[in-house]
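Just below is one structure, and these are the notes that go with it.
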Amino acid sequence: MEITKTLGEFIVDHQNQYPTATGELSALFSSIRLAGKIVHREVNKAGLADIRGAAGGDNIQGEAQQKLDVYANEKFKAALSARGVVCGLASEEEDSFVAFDGQRSLQGKYVVLIDPLDGSSNIDVNVSVGTIFSIYRRISKTGGPVTLEDFLQPGRAQVAAGYIVYGSSTMLVYSTGDGVNGFTYDPSLGVFCLSHENMRCPPEGNIYSVNEGNYVHFPSGIKKYIKFCQEEDKPSGRPYTSRYIGSLVSDFHRNLIKGGIYLYPTSSTYPSGKLRLLYECNPMAFLAEQAGGKALAGVNQPVLDIVPSELHQRSPLIIGSSRMVDKACEFLSEK
């Protein structure tokens with residue numbers, strides 16, 4: 001077996017490049033890594049244990065909470081509160097933010113926003129799911145309680161972001177603002193190993209990912225772009241391939257590696273978009289830009305520039321290969 005760098009070693013090496021680093025962000029990533037391993041274990045035995053299906057409640061979005069949603073949320077919350085470097089958590093599964101009020105946590109510099117199990121409705125049919133996370137420095141004074149304003153920061157202020165995809169293998173992909181790197185979990189060793197160094201999103205691709213079942217509800221520009229993707233034009237490699245899993249992490253991960261575009265636009269049923277700005281759009285937009293791609297909420301509207309006004313704010317999302325995103329926005333800008 002080829003020896004490669006583990007996630008822990010990679011984090012330490014990266015930390016050593018910054019003489020003023022305190023190690024707190026590294027400790028935060030250790031918490032995410034630990035919770036990811038625990039969720040990986042449960043996802044992999046979902047067909048054998050009584051953790052599939054709905055938990056009997058709704059989250060703040062009005063969506064049925066799946067049992068694994070609740071489980072993953074609790075495990076990430078426990079792991080992130082344990083080390084005292086995070087002062088608060090906002091989760092798609094929580095009505096409001098969660099303040100960690102232990103004495104060490106009050107001194108914590110960071111807040112974390114998380115979708116603990118994206119695409120969990122697919123668990124029952126054995127489709128890949130994932131965790132999405134976003135990290136910010138708190139803007140309130142350390143030593144005091146975390147505030148709502150600590151979470152309502154634009155995506156440009158993210159210190160780090162990433163996701164874990166639980167599929168045929170489990171992979172953690174993250175960025176701290178200097179490129180994107182991916183680590184594949186080796187269950188025999190219990191470690192994440194560097195498998196995708198300096199990931200780059202191709203500027204062009206031949207995959208478009210959109211829920212075409214909602215076509216009738218889409219704005220005319222999106223409809224025109226979908227037709228453009230379906231037209232035959234050999235010089236440009238069209239028609240493109242349609243691939244839509246229904247799990248943002250899985251669709252984004254594929255398009256990041258192979259090149260492609262993911263669209264979840266506004267619609268007559270979701271006039272503000274459906275995806276959550278803070279838990280889904282911002283972290284994925286951060287990764288896309290770090291990998292050379294683009295992420296827009298509309299024409300000339302980068303996702304990362306949006307100033308949020310509420311925790312569970314929704315946003316449209318057009319993300320992926322830069323030239324494909326630009327082309328989609330050409331159609332959106334047509335009168």
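Using the three backbone atoms N, Cα and C, a Cβ is placed for every residue, glycine included.
Here Swiss-Prot flags E92, D115, L117 as Mg(2+) 1 binding site, drawing on sequence analysis. Residues annotated as Mg(2+) 2 binding site in Swiss-Prot: D115, D118, E280. Marked as substrate binding site by Swiss-Prot: D118, G119, S120, S121, N211, Y244, Y262, L263, Y264, K274.
Rounded to the nearest whole angstrom, the C-alpha distance between L117 (Mg(2+) 1 binding site) and N211 (substrate binding site) is 20. The number of other CB atoms found within 10 A of the CB of N211 (substrate binding site), across every protein chain shown, is 15. Of the recorded residues, S120 (substrate binding site) and E92 (Mg(2+) 1 binding site) place their C-alpha atoms 12 Å from one another. Inclusion criterion for the binding-site residues E92, D115, D118: a C-alpha placed within 10 angstroms of the C-alpha of Y264 (substrate binding site); this criterion is met by none of them. Across the residues annotated as binding substrate (D118, G119, S120, S121, N211, Y244, Y262, L263, Y264, K274), the widest Cα-Cα separation comes to 20 Å. Cα to Cα, D118 (Mg(2+) 2 binding site) and Y262 (substrate binding site) are separated by 15 Å.
Classification of D118 (Mg(2+) 2 binding site) by DSSP places it within a strand. The Cα of Y262 (substrate binding site) lies closest to that of E280, out of the binding-site residues E92, D115, E280.
When the Cα atoms are compared, E92 (Mg(2+) 1 binding site) and E280 (Mg(2+) 2 binding site) turn out to be 9 Å apart.
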